[in-house]
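Q: Sharing a structure, written as structure tokens. Questions coming.
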Amino acid sequence: MAAPAGPKFADLYELKEELGRGAFSIVRRCIQLSTGLEFAAKIINTKRLSARDMQKLEREARICRLLKHPNIVRLHDSIQDEGFHYLVFDLVTGGELFEDIVAREFYSEADASDCIVKILDAVCFCHDHNIVHRDLKPENLLLASKSKGAAVKLADFGLAIEVQNDQPAWYGFAGTPGYLSPEVLRKEAYGKPVDIWACGVILYILLVGYPPFWDEDQTRLYSQIKSGAYDYPSPEWDTVTPEAKSLINCMLTVSPSRRITAAEALKHPWICQRERVASVMHRQETVECLKKFNARRKLKGAILTTMLATRNFSTGRTLQSGASGSIAKKPNGGMKEISENASNMTDDAPDPKISGGAS
């Protein structure tokens, strides 16, 4: 006897306006009919997905169902309905954390500490559940609302993976260039420490408004990252406390086995003794640099999306804003998937929990 069909999406939710769009998905505001509460529905056209893409979708849904934390965008519902898969998430309306910071009248090192605590809390929760995000970056750090003091929310688990405790393995090349860890760039086995490296990059930016590793040439950028070649130039770093630099050093440790964990980072003096050690001086120069950094990454993302759209149009493919599931050629002639954000690149290994081995 066949199992009874589950409820249809339209029986539970009413769709409203579009919020965003990807190659195979649309995000729309929706209202839960039984409560009147608002959510964001990610609607995936499963008829257009390959078997590999379906595995990734199932992995994303499986991971998101596990992650119920105040600093993580929560998945409330997952519904398969007539060729579409609906993922119903929190509706977050506050925009990006980094955009909020530059709009503030006052921003200090202590505020940066408060921000990274929220991020580390979310990452620690993920790691406790053996989930690695793999794409921590400013675009995925959102605010629940525009209210002052709104919760920071970690978003977009499209590249997230399930790991075996602290056992490293090769899960494929995935992430965003400036936030990739040395071990990923070396194509070595990796695990939870890749998220801590990205947190170190984010913290560096939170304190001075620009990244620790930067070069227009990607080969030189990757060389900097693999060797851990960053510094604390004057004058902007002169007013940052030694404790803040200490935490960055612990996060941006090249060897993953010696890199600080999320749980350890939350016990670092700059975090747990913030009132005593973190400076409360307004960091105007950081805000100004962060404005330029935000503008530069938005422009770069827009240019890359346009380039990908043009390339896909010329080869008969359709690519819409946000490039989830689309394909771009690698220099060696192979194919590389572009994630939901056009600046991400992933060449994932098959999911061992689904495929049972290499394909």
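Using N, Cα and C of the backbone, Cβ positions are placed for all residues, glycine too.
Taken from TrEMBL, the feature ATP binding site applies to Lys42. The domain 'Protein kinase' annotation in TrEMBL covers 13-271. If you look up TrEMBL, you'll see 318-359 marked as region 'Disordered'.
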Q: Just to be sure I understand the packing, how many Cβ atoms besides its own are within 10 Å of the Cβ of Lys42 (ATP binding site)?
A: 24
Q: Could you tell me the mean pLDDT over the domain 'Protein kinase' (13-271), as a whole number?
A: 95
